[in-house]
Protein chains: 2
Amino acid sequence: MENLILDGRVVAGNVKDRLKERVATLVNKGVTPCLATILVGDDPSSETYVRMKGNACEKIGIKSMRIHLPKETTTEELLEKINELNADETVHGILLQHPVPSHIDERKAFEAIDIHKDVDGVTSLGYGQTAFGFGKYPSCTPAAIMEILDYYNIPVEGKHAVVIGRSPILGKPVSALLLNKNATVTTCHSRTTNLADVVKLGDIVVAAVGKPKFIQGNWIKKGAVVLDAGYNKGNIGDVDYDACLENASAITPVPGGVGPVTISMLLKHTVDAAEEMINK
Amino acid sequence: MENLILDGRVVAGNVKDRLKERVATLVNKGVTPCLATILVGDDPSSETYVRMKGNACEKIGIKSMRIHLPKETTTEELLEKINELNADETVHGILLQHPVPSHIDERKAFEAIDIHKDVDGVTSLGYGQTAFGFGKYPSCTPAAIMEILDYYNIPVEGKHAVVIGRSPILGKPVSALLLNKNATVTTCHSRTTNLADVVKLGDIVVAAVGKPKFIQGNWIKKGAVVLDAGYNKGNIGDVDYDACLENASAITPVPGGVGPVTISMLLKHTVDAAEEMINK
């Protein structure tokens with residue numbers, strides 16, 4: 001079967017190209033879009049992610065304000081820092097890298113981020129607005145999945161989309177976005193019985209479980225579109241790629257699929273937020 | 001086939017019985033729980049609904065503050081009234097009866113309701129919190145559906161729930177609540193293709209379309225549980241009740257099913273909100 005490999009690097013490049021001009025316009029008006037990233041503690045993968053995001057900002061002219069707090073930081077200290085960034089008019093977006101150390105109330109910290117600066121789409125308010133169809137900054141990986149579908153002109157309306165995973169930043173918001181694009185949406189998770197049969201219903205399958213090669217080839221309906229939001233140790237996705245290739249009409253690889261587009265969505269939201277702020 | 005008729009009047013009676021004692025305790029502490037209802041204009045069914053809700057409050061000792069605004073009320077005037085009620089410490093819950101006249105920005109009005117008083121579950125923040133598992137006052141009809149399932153000990157975990165409808169106060173929140181109870185959830189709507197086949201997947205079927213007798217008997221899997229949230233002119237549900245009885249193991253009638261429990265949830269949320277306020 002002829003497969004279309006959904007190339008996230010191409011999609012991300014396209015997004016970033018369109019952003020450069022908008023950044024230049026903002027800078028001409030005296031505003032440099034700025035993303036503040038907060039890293040708490042010394043988790044090496046978190047450090048890598050934050051650095052990648054910061055570097056991606058700088059490459060297209062977005063200022064990267066990198067805040068690194070010690071792992072002993074308390075919830076109150078973190079909230080104080082977030083409130084400071086909420087009040088800082090030079091900051092347009094705030095990203096709190098997760099997971100934070102376990103003694104911190106992560107949800108409370110997320111919820112403290114001002115909705116106008118929640119470019120990573122982590123607040124319950126942002127999620128609710130997205131689900132109701134007027135959210136400005138959906139969570140970045142779900143936004144990336146929609147961007148890939150859009151870039152490759154893959155129809156969503158009337159399709160049956162099956163999302164495996166229900167996390168607040170991935171499974172839930174991608175289900176909401178697909179529903180808003182008129183897909184029939186089934187959300188599955190660890191308590192789903194007959195997962196293989198349910199996945200087989202999907203014209204569009206989104207894997208967001210966080211388990212390497214979890215989605216098997218024979219679960220995929222012939223001709224389905226497979227989007228792998230997994231990113232497990234060793235650059236391995238949630239999908240058994242080679243096996244799923246047999247049945248999928250289109251599929252995202254890992255790496256080079258959803259990942260790069262996710263970062264480009266973060267940049268786009270930061271630029272959107274900067275434009276919103278000067279148009280207020 | 002033996003069917004269980006899910007009697008909403010019994011469930012609602014049970015909820016209200018438990019509330020009476022809580023209301024008495026609050027009154028003893030000097031606090032009378034108070035629900036403010038806002039009706040804009042003269043739509044006869046809206047007047048009836050608001051009156052039913054107010055009367056139900058009074059029957060169990062909740063104060064009903066009934067605000068009736070003329071149909072010419074502007075969005076700004078409505079927002080002003082909502083803000084006044086937000087600030088009024090004697091008011092614990094605010095219900096804006098919808099639909100409001102078409103010249104009013106209904107979403108803006110809903111969003112203005114303080115989250116602590118959003119006992120009808122209409123704000124995007126309340127929805128997001130509900131979907132993330134820490135919402136206090138989910139939309140009342142979805143809460144009623146969960147209460148009925150709970151009262152009759154109908155298992156939800158691992159079941160496939162099919163929700164037909166995706167409105168912000170019904171289809172979306174009931175999908176979220178079922179998902180949080182570990183159902184696999186499929187949300188359908190007007191753009192769903194092969195609706196009959198999709199409904200047939202459901203161990204639990206929630207009808208929330210607003211079209212009389214829309215759900216056909218042969219769409220229902222043998223042994224499925226059917227919950228009819230429809231309430232169309234002439235007391236007719238969204239489900240073709242007699243035909244669905246053939247296949248359903250349990251079903252809510254209309255009237256006397258989801259409707260009465262919906263009102264009891266509104267009362268419960270108002271009492272919850274009054275307790276929250278004195279415990280602050």
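Cβ coordinates come from backbone N, Cα and C, glycine included.
Those TrEMBL annotations? Automatic predictions, nothing curated.
For reference, TrEMBL has these:
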DOMAIN    B:6-120  domain 'Tetrahydrofolate dehydrogenase/cyclohydrolase catalytic'
DOMAIN    B:139-276  domain 'Tetrahydrofolate dehydrogenase/cyclohydrolase NAD(P)-binding'
BINDING   B:Gly165, B:Arg166, B:Ser167  NADP(+) binding site
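Here the features listed in TrEMBL are placed on the structure.
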residue: B:Gly165; record: NADP(+) binding site; CB count, 10 Å: 23
residue: B:Arg166; record: NADP(+) binding site; CB count, 10 Å: 25
residue: B:Ser167; record: NADP(+) binding site; CB count, 10 Å: 17
Reported mean pLDDT - the domain 'Tetrahydrofolate dehydrogenase/cyclohydrolase catalytic' (B:6-120): 97
Environment of B:Gly165, B:Arg166, B:Ser167, the listed NADP(+) site - residues of the same chain whose CB lies within 8 A of the CB centroid: B:Val163, B:Ile164, B:Pro168, B:Leu170, B:Gly171, B:Lys172, B:Thr187, B:His189, B:Ala208, B:Val209
Binding-site residues (B:Gly165, B:Arg166, B:Ser167) in Cβ proximity to chain A, threshold under 8 Å: B:Arg166
The domain 'Tetrahydrofolate dehydrogenase/cyclohydrolase catalytic' (B:6-120): DSSP-derived helix, strand, coil residue counts: 59 helix, 18 strand, 38 coil
